[in-house]
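Enquirer: Can you read through this structure? Questions will come right after.
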Amino acid sequence: MQFGGRKKKISTIPQSELYGQHLQFYGQPPLENISLSEFETFAAERLKLLKTVENLGVSHVKLTEPYRRKLESQLKALNFPYRPDAVSMFPILLHYKCLFPSVSQREDLRRWFIQQEVDLFRFHFTELVPKQQLAFLHKNNLHYDTISSEEKTALKDQLINSSFGVSGIKVMEHEFYKVPFQDALDLVRLRKVYLKQGYAYIPHQDIVTIVLNDFRTRLSKALALTARSLPAVHSDERLQPLLNHLSHAYVGQDYSIQKNVGKISLDQIDSLSGKSFPLCMRQLHQSLRENHHLRHGGRMQYGLFLKGIGLSLEQALQFWKMEFIRGKVDADKFDKAYAYSIRHMFGKEGKRTDYTPYSCMKVILSNPPSQGDHHGCPFRHSDPELLKQKLQVYKVSPSGINQILELVKGMHYQLACQKYFELTHNIEDSSFSLNHPNQYFLESQKLLGGGKDIKREMDAPQRSQENSASKGSTGTQEVAANTSQHLAEMTEDLESFFQEA
Ligand code: SF4
């Protein structure tokens with residue numbers, strides 16, 4: 001890709017070489033023509049891939065056979081071909097470099113991103129046979145050579161004594177790399193290698209350490225270098241919305257089209273919030289019931305979630321009004337100040353856009369709650385002590401709480417939420433990768449009876465609501481689904497309607 005002002009270059013590297021394998025140092029940006037939609041799709045696919053790597057890295061011991069097998073099968077299932085792999089790194093670099101104004105957010109993400117990329121790289125590298133590894137190193141200007149059998153025989157005793165876990169048989173069977181001492185400082189520091197005349201002799205299984213260090217350094221530099229493109233990116237009206245969207249996007253279903261509009265009655269919400277709402281929505285619901293009010297961040301997050309699980313416009317208006325008039329807002333003020341924004345959320349006002357419920361990524365990364373707010377992700381935004389108390393109130397076992405807090409400490413917020421799901425649903429393995437609060441809800445309902453809960457409860461006294469809901473359903477389905485490129489823009493527009501005076 002090209003940024004403004006640069007001369008167009010033609011790639012001299014054949015595509016087969018650029019996209020011939022998964023293992024890359026990503027030193028050469030793609031210089032072919034790539035459409036913006038491909039650019040965006042590849043980036044979203046890569047985020048999905050990295051999320052899978054993260055999930056497995058937490059649920060399995062890295063480098064063990066079960067970890068490798070599971071990662072291999074999941075990568076196969078994701079089916080991420082070579083070309084998107086090679087291309088997708090570049091929008092992702094821009095994405096991480098550009099979007100997060102807060103230094104701590106950027107630092108969190110930078111570390112997360114590099115860690116997942118390094119784990120993925122390690123997997124691909126260790127999948128190669130030694131000959132392919134050597135070829136890869138040479139291709140990337142890491143001119144390390146393996147020593148000959150004669151040299152191995154001459155240094156056999158020193159190699160056995162200096163290298164970890166190497167026996168006489170292994171010395172003769174496996175390759176040893178001769179690497180400049182300064183490139184192997186980590187292994188030297190750990191006294192894991194034999195040193196002679198400025199060279200470290202590295203057993204085959206340890207060469208990956210050096211390559212990974214190199215990869216990590218290159219990636220960090222690439223992120224730093226990306227900063228140079230920022231002025232061009234910020235002024236490029238095509239790229240900016242795309243990158244913005246990526247930060248809020250979540251990979252998978254966006255829950256913008258509700259299939260069960262009107263299938264949930266207002267009476268069910270209290271019970272559903274305890275059984276099937278993720279913690280973020282459970283806490284919003286609870287504080288709405290307690291305070292009869294939510295500030296705009298909470299109304300946005302919770303309102304769109306409720307819409308996503310199937311509340312019709314009429315139900316939403318009734319739900320919010322009933323609660324608000326129990327507090328300091330009278331019916332007249334509600335109709336004037338709040339009803340419009342709810343209709344707007346359902347695409348009945350303004351640009352008539354059908355808004356999409358927030359993904360976990362959006363909740364976690366944008367608009368952190370401040371004093372008096374109840375929105376956000378409790379796993380990301382709550383103080384650990386407060387989170388612990390909340391979990392205790394929700395009857396999570398002490399060992400479960402510890403597991404959750406460990407995941408939170410490692411910044412695995414969605415995995416912590418998934419653990420909460422498993423503990424509260426009494427299952428060992430939730431077997432889905434959590435990306436969205438509405439996905440949490442659907443998975444929970446599936447588990448608790450394939451959504452029969454909703455239908456069964458609905459059958460009883462809710463006929464009148466069902467009827468009015470079905471009217472809302474028709475209206476809602478008329479609204480066309482959004483194109484992803486407009487999403488961020490539209491959400492910002494909606495947010496402005498929710499701002500309190
Ligand atoms: Fe909500 Fe997602 Fe956070 Fe879970 S991880 S609490 S679903 S935002």
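Positions of Cβ are set from backbone N, Cα and C atoms, glycine also.
Remember, TrEMBL labels are computer predictions, not curated facts.
Below are the features listed in TrEMBL for this protein:
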{"type": "BINDING", "residues": "CYS280, CYS360, CYS377, CYS417", "note": "[4Fe-4S] cluster binding site"}
{"type": "COMPBIAS", "residues": "462-486", "note": "compositional bias 'Polar residues'"}
{"type": "DOMAIN", "residues": "271-441", "note": "domain 'DNA primase large subunit C-terminal'"}
{"type": "REGION", "residues": "457-486", "note": "region 'Disordered'"}
Enquirer: Suppose the [4Fe-4S] cluster site is CYS280, CYS360, CYS377, CYS417. Which further residues of the same chain have a Cβ inside 8 angstroms of that site's Cβ centroid?
Expert: PRO278, LEU279, VAL363, ILE364, PRO378, PHE379, ARG380, TYR413, GLN414, LEU434, PRO437
Enquirer: Just name the most isolated of the binding-site residues CYS280, CYS360, going by other Cβ atoms within 10 Å of its Cβ.
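Expert: Lowest Cβ count within 10 Å among the binding-site residues (CYS280, CYS360) is CYS360.
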Enquirer: Including all protein chains shown, what's the count of other C-beta atoms within 10 A of the C-beta of CYS377 ([4Fe-4S] cluster binding site)?
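Expert: Excluding its own Cβ, the number within 10 Å is 26.
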Enquirer: What are the sequence-distant neighbours of CYS417 ([4Fe-4S] cluster binding site), meaning same chain, six or more residues apart, C-beta distance under 8 angstroms?
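Expert: Counting only residues 6 or more apart in sequence, the Cβ neighbours of CYS417 ([4Fe-4S] cluster binding site) under 8 Å are PRO278, LEU279, CYS360, CYS377, PHE379, LEU434, TYR440.
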Enquirer: Determine the mean pLDDT over the domain 'DNA primase large subunit C-terminal' (271-441), rounding to the nearest whole number.
Expert: 92
